[in-house]
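What TrEMBL records for this protein:
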- 40-61: transmembrane segment (TRANSMEM)
- 81-102: transmembrane segment (TRANSMEM)
- 114-133: transmembrane segment (TRANSMEM)
- 139-160: transmembrane segment (TRANSMEM)
- 181-201: transmembrane segment (TRANSMEM)
- 207-229: transmembrane segment (TRANSMEM)
- 270-296: transmembrane segment (TRANSMEM)
- 308-326: transmembrane segment (TRANSMEM)
- 333-351: transmembrane segment (TRANSMEM)
- 363-383: transmembrane segment (TRANSMEM)
- 420-442: transmembrane segment (TRANSMEM)
- 454-476: transmembrane segment (TRANSMEM)
Amino acid sequence: MQTDIGMDSNVLLQDNREKRGSSMTNKIGKKRKITFWTRLGFGMGGMLNSGALSFTHSYMVLFLSTECGLSAGEAALISSFAIYLNAILCPLMGFVADNFYATKIGRIFGRRRFWILLAIPMMVAEPLIFVATPFGFPYYFVLYLIYNVAYTFCTANLSPLTIEMTDDFKERTYLTGYKHLFGNAAGFLMAALVGFGFGTFGETNPFSYFIIATINASVMAISLLCVYLSTWEHTPEEVAQEKIESVGEGIKKFFIDVISTFRNKSFRKVLYAQVSTKLAAACWSACLSFFIVYCLQIPKSYESVMEMPGKVVAIVCTAIWVALMAKKGFHKSWYLANVGCAACIIAYNYFAFGQINGTSTVAIAMIAYPIIFAIWKFFYVGFQYLPDVLLNYIPDVDELITLRRREGIYSSAQQLCQQIAQAVAVNVWAIVLAASGFIQTAGNSDAVTQPATVPLYICGYMLIGCAGFFLLAAVLARGIKIDKEQCDILCDEIHRVKEGGKMADVKPEVKALCEELSGFKYEDCFAHNNVGFQDGSVIPAE
């Protein structure tokens, strides 16, 4: 079967207009003006990450193992399997959305915004996860899959909308900035919501989880609706024509292109460092709720209240890292962020061991936790922001290698690695928790005394998995060479060759830089290689 994305686009668009009147014409194309309300509506999509994820990922395993009678291994298996599914769905979703104008539904509702609209009713899965039922493993497994599929629908299509809505780099920066702002604000609101839920309805009351999840899911649904109503995308005419001869060829192209990204030396170097931090952050997210309850022995309701100052820090300190990056460069900023995060993890465990051996008290831990958490959030924003700056340069290196622009493919490969890292962290956490002798319960978790080995294993996991990988990320960054100045030189060389300049006329220092950043001999660059799917459409430079 042949799919032609641009085929008969004028006829198809006219058909859509006849069916839907003028409403759809206001939601496609780049002629609309981006206003404050546009930025606000799009920015609300950022609430999905810090809102939906922070609660579900932090508390689902704890809820299932203490309120629903599932073992810690079963609960972690549900979480990790869904993450592995996301690792496959994220790049696949981008591929499907790119080609969705070939379908009638895509031409009616849009090729990207349709999936955001579809995710709204799927948000009901979140509160249903936090209901104690006798249905066991299959019930929670299916619901968590639905929840993660909805999340993938949104994340895979939200970022490309900034590119489709405007060509203005400044406007794209505003849109992305509003998304980050709402994401950090959502983290603050979620901390307040968790504190309200557990404080009002009780720490061990399953209804507390349900109320928190219901309010959170409602906010997420409203946010996604605002995104859908305030955004637009390319028309079918504006989408570049792409012919795929068969489904098999499409799948082949997809996998070849994703795998080929790892042949880019600069991408590999940045990815090594970034994935190490993602592993550390995933370890933190997996064990945090257990660490708070069983090591620091802090009530869950108070934990959320204590985190609120740190959430405020996260909102305001991004500008500090932008300035620090500009003044000190990537490497010094990166070392500071990762070593700082590792130091915070060690500080957390210092007070946890004080609780374990009786040299400290809960009161001391309750004073120390918000202070350390605020410092942690400062460094946390740093390691989240800094790699994204370098990743903006990677498609330019890829253009040097392939003479193609493959931003979407690199985003897919990056998401794939991050999701796998997160799943591995959850799997290892399940093994550690099971090895510690953790006792699962079906309610009344306060009535059960956990073995003395449980807090020791949790602390060990945090020190090795979190602090260890943060320090590893700091070391791995030594291999990263790319920066803005080097990328400018590289882009000038690409422009020279694409404008008809001869590869043989390259300056020696530019040639050495191209080889260092790409990992290829200069003579093998500019499509003189087999990187990516080869369909004969790209002519190598001379």
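Cβ from N, Cα, C; glycine included.
Segment contact is absent for the transmembrane segment (181-201) and the transmembrane segment (420-442), given fewer than three CB pairs below 8 angstroms at sequence separation of 6 or more. Against the transmembrane segment (207-229), stretch 114-133 shows more Cβ pairs under 8 Å than any other of 81-102, 114-133, 270-296, 333-351.
At the 8 Å Cβ cutoff, the transmembrane segment (333-351) and the transmembrane segment (270-296) share at least 3 close pairs (sequence separation 6 or more) and count as touching. The list of residues near the transmembrane segment (363-383) in space but at least 6 beyond its ends in sequence, with Cβ under 8 angstroms from a Cβ of it, reads 277, 281, 296-298, 302-303, 306-307, 309-311, 313-314, 317-318, 320-321, 324, 333-334, 336-338, 340-341, 344, 347-348, 351-352, 354-355, 470, 473. Long-range contacts of the transmembrane segment (420-442) within the same chain, counting only residues at least 6 positions beyond its ends with a Cβ under 8 Å from a Cβ of the stretch, are 61, 65-73, 75-77, 79-81, 83-84, 87, 132, 275, 278-279, 282-283, 285-287, 290, 448, 450-451, 453-454, 456-458, 460-461, 465. Away from its own ends, the transmembrane segment (308-326) comes close to residues 180-181, 184-185, 187-188, 191-192, 195, 333, 336-337, 370, 373-374, 376-378, 380-382, 385-386, 389 of its chain (Cβ-Cβ under 8 Å, at least six residues beyond either end). Only residues 6 or more beyond the boundaries of the transmembrane segment (114-133), in the same chain, are considered here, and those with a CB under 8 A from a CB of the stretch are 45, 52, 56, 59-60, 63, 67-68, 93, 97, 100, 105-106, 139-140, 143-144, 146-147, 149-151, 153-154, 156-158, 206, 209-210, 212-214, 216-218, 220-221, 224-225, 227-228, 442-443.
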